[in-house]
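Database features, via Swiss-Prot:
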- LYS133: active site, proton donor (ACT_SITE)
- ASP161, GLU190, ASP213: Mg(2+) binding site (BINDING)
- LYS235: active site, proton acceptor (ACT_SITE)
Amino acid sequence: MRSAQVYRWQIPMDAGVVLRDRRLKTRDGLYVCLREGECEGWGEISPLPGFSQETWEEAQCVLLAWVNNWLAGDCELPQMPSVAFGVSCALAELADTLPQAANFRAAPLCNGDPDDLILKLADMPGEKVAKVKVGLYEAVRDGMVVNLLLEAIPDLHLRLDANRAWTPLKGQQFAKYVNPDYRGRIAFLEEPCKTREDSRAFARETGIAIAWDESLREPDFAFVAEEGVRAVVIKPTLTGSLEKVHEQVQAAHALGLTAVISSSIESSLGLTQLARIAAWLTPDTIPGLDTLDLMQAQQVRRWPGSTLPFVDVDALERLL
């Protein structure tokens, strides 16, 4: 016998979270819980404003329609990426095919003061990997901050993310302030320039390796080995089903590229599932999941070590 519940939720964000020039005051999304016999599975559907093609209202309509079809015996996955991902996670939990082992080691995210990151990294065991958003301020300032961090922590490797913010000139201004001796410790810089061609040129001219992120979701993207391209950053909420995520990881690994499972600012429930996906598909790579502290609460499932207030499922708005 099948049954299902759908919940709507909204979590207040910390002040200062800006996505594509718009302030994100709340994170809005949905959970689906599927039950069959004694088994149950959960999934999160939370389109990311400014990045997802769909709104959460559109996702809600597609999810509710899919759940009704599933209750009637239909199992075909929806096409909408955020819904496909959440539903496929719920089905995988239901079938016990999503491994429980999780990689909760997150590359800490530097959102402001580099001194805060230096302190955080001092206590980090093992490989020191951190992520810095660039492109929000002047490129020269970004270059100086990155150089400072690499100089202060000799065993640090940085992942940088520009979200296509730079023109070729700004990219050159950034690189000018990063000591060439340190550039090898930039693990990769995600999508530095507005076009792929300019990003490739940036990698050739600076010796700084790049990674594809937004490009993976463009219709003309193909997985090929390219000079200067070291990694792909896979955001499952923006990608689609677990099967599609798995295919992208396999395609990257076949070319010798690093595949990084990364957050789209999911709630703690979604983040714990991403940690499990990372341990399963990319066991040797630290995932990019250090986004929970951008929120003011965790929900339904706790993130290990988080001191954020916890909201149980009973406090959520039930739609079905």
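Just so you know, glycine gets a Cβ as well, placed from its N, Cα and C.
Here the structure is a predicted model, which means the values were calculated and not measured.
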Query raised in the report: If you run the three-state DSSP split on LYS235 (active site, proton acceptor), which class comes out?
Result: coil
Report task. Could you measure between ASP161 (Mg(2+) binding site) and LYS133 (active site, proton donor) for me? Cα positions, answer in whole angstrom. Result -> 5
Query raised in the report: Of all the binding-site residues here, GLU190, ASP213, which one's CB has the most other CB atoms within 10 A?
Result: GLU190
Query raised in the report: Taking only the recorded positions GLU190, ASP213, LYS235, which one has a CA atom nearest to the CA atom of LYS133 (active site, proton donor)?
Result: GLU190
Query - Residues flanking the Mg(2+) site, with Cβ no more than 8 Å from the Cβ centroid of ASP161, GLU190, ASP213 and excluding those residues themselves - result: ARG159, LEU160, ALA162, ASN163, LEU189, GLU191, ALA211, GLU214, VAL233
Query raised in the report: Which residue, out of the active-site residues LYS133, LYS235, shows the minimum number of other Cβ atoms inside 10 Å of its Cβ in this structure?
Result: LYS133
Requested in this report: Taking only the Cα atoms, work out how far the residue listed as 'active site, proton acceptor' lies from GLU190 (Mg(2+) binding site), in Å, as a whole number.
Outcome: 13
Report task. Quick one: give me the count of other CB atoms within 10 A of the CB of ASP161 (Mg(2+) binding site). Result -> 22
